[in-house]
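Going by TrEMBL, these are the annotated features:
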TRANSMEM  37-57  transmembrane segment
TRANSMEM  77-98  transmembrane segment
TRANSMEM  127-152  transmembrane segment
TRANSMEM  180-213  transmembrane segment
TRANSMEM  272-291  transmembrane segment
TRANSMEM  303-322  transmembrane segment
TRANSMEM  334-359  transmembrane segment
TRANSMEM  379-397  transmembrane segment
Amino acid sequence: MYKTSISQSVQEYFSWNRITLLAVGLWPYQQSRFARFQAALCLSILTSFVVFVLSRICFVEYDFEFTIDMLSLSTYYSFFLMNYISFWINIETIRYLLEQFQYIYNRLKDSNEIAIYNKYGNIAKRITLACILIGICNHAYLTVIQCGPYILDVIMPKNVSYARHLIVTLTTYFAVQERYFYLLLLYLNAVCTVGTVVILAVGTMLVSCFKYICGMLRVASYRFEQAITAMVQSITIKNETMIYKEFICAVDIHRKAMEIAKIVVGDMERSLFIVTMSTVLCMSLNLYGILQVESPMQEMEKLIGHCVNIICLFLYMFISNYSGQEIMDSNDRIFLTVYNAPWYLVPLKIQKLILFLLQRSNKAFTLDIGGLFTLSIESFASLVSTSVSYFTVLLSLR
């Protein structure tokens, strides 16, 4: 059960996030001994796999192509590991954000404001569910790859079994004796499952937080619109006081939204920077991995694996940067709302207040990571371009 500090509305919209975070011991409101055991187990599984793969590079001599394959695999799961560590370190920050979302929701009295807030909550919930379905499809593919050879041996038997090809490939790739094949397969399944759930849990939670911030900014814009409409319709001493209160409430939720956004990025800045760099490097290595597949039909598993990795990384970069872009656009909308107000029809005091709001909103609000780039569509394009550039460098070393 949720703690009483989280409202029923927030419970509803974070229900899928709660399930995925509970699965890996990261739900902020349930940090029991079992949750800590889950966290330790997930960290151990991901860390051991990254160390195991890197040890193959350090202690065994192989060609350049094999080294690239190992690096692409290790950076891909390092990407999962860094996301997990980043969220785990900042779990109290996530708890604070959830409490702030509840606090804002409890202060909403206007039915239209509540509807706006709920709308963005529903969007966040649908995005989370869509990502979970993508993760399920990814695991369905993994199951087909593993079970397919055994099914083919029954349907279309031949001299050299299909399952034999899978056994030889995996045991040779990871330098494990064939008698330990099923233990290796179990371990690889555990690593893949933990990695998938981790990236779903962490990624969708951050995107949901960004959606709620957009909802707060949209509520602020609505409040400005209502105050401006009231100004134009009639100005009386009583009405003027109410207009001031509307402006104050709008400024308050606008300030709170920017503060929460800065907290999300600020507290995780170093971790997000490392995650971003590992994402770019991993995408470059997987692009190279696709190109070095000489016989696609015979190395179909390898080819599909690299493609799936690239698609996952691409979606992660796009969704995170698009969420940052939405926050920037929502903030700009407030500026346009105030800018288009008929300021010349209102008293001088309110004109000065509008001027203050214009000066404040005119400053670009960005979510900076590491001081090198911001969460935006432009940064997404730059990251993809950088990945392709590193890929061409690897080609030149071939």
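Residue numbers in this text run from 1 along the chain shown.
Each Cβ is built from the backbone N, Cα and C atoms, and glycine gets one as well.
What you are looking at is a predicted structure, and each value in this text was computed from that prediction instead of being measured.
Between the transmembrane segment (180-213) and the stretches 37-57, 303-322, 334-359, 379-397, it is 37-57 that has the most C-beta pairs under 8 angstroms.
Only sequence-distant pairs (6 or more apart) were considered; of these, at least three Cβ pairs between the transmembrane segment (77-98) and the transmembrane segment (272-291) are under 8 A, so the stretches are in contact.
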